[in-house]
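Taken verbatim from TrEMBL:
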- 48-119: domain 'Thioesterase' (DOMAIN)
- 62-80: transmembrane segment (TRANSMEM)
Amino acid sequence: MNKFSVDKLNIFLKTLFPQADNIGAVTGLAKNTAELKLIVNDSHLRPGGTISGPTMMALADVAMYAAILNAIGPVALAVTTNLNINFLRKPEADCDIVAEAKILKLGKRLAVGEVAIYSGLNTGADDNLVAHATITYSIPNHA
């Protein structure tokens, strides 16, 4: 069962993190998953006409945070303890990127998940997969 609606989670994120406007917006929520879309602008680019690695890492991190919050509720102090990302191909600078986060294991104190980041119109298509991240979050006592 979702703990948030898309709109309420976007408001929650923007309230806690003023920089959230530049990291992407939640576009979908389901059990143990979240989808975020980043409308790419010049602040996300690096030389060579591509989206920067730190931009994609931030999007992956926030996407997993959104999936976890949707599963456990408004626990603002859940924090990233590990993030590993593989950059698979160069995303185009003129395309928005979409992150699809999935919780693999949700325990009392830790959550482990993965995030796929796509560039282009065919979200979910293997040839549009530009990065893959695995992320672990520490969850404070929230019972």
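Note: Cβ is positioned from N, Cα and C throughout, glycine not excepted.
Summarised by DSSP class, the composition of the domain 'Thioesterase' (48-119) is 20 helix, 32 strand, 20 coil. Per-residue confidence over the domain 'Thioesterase' (48-119) averages out at a pLDDT of 95.
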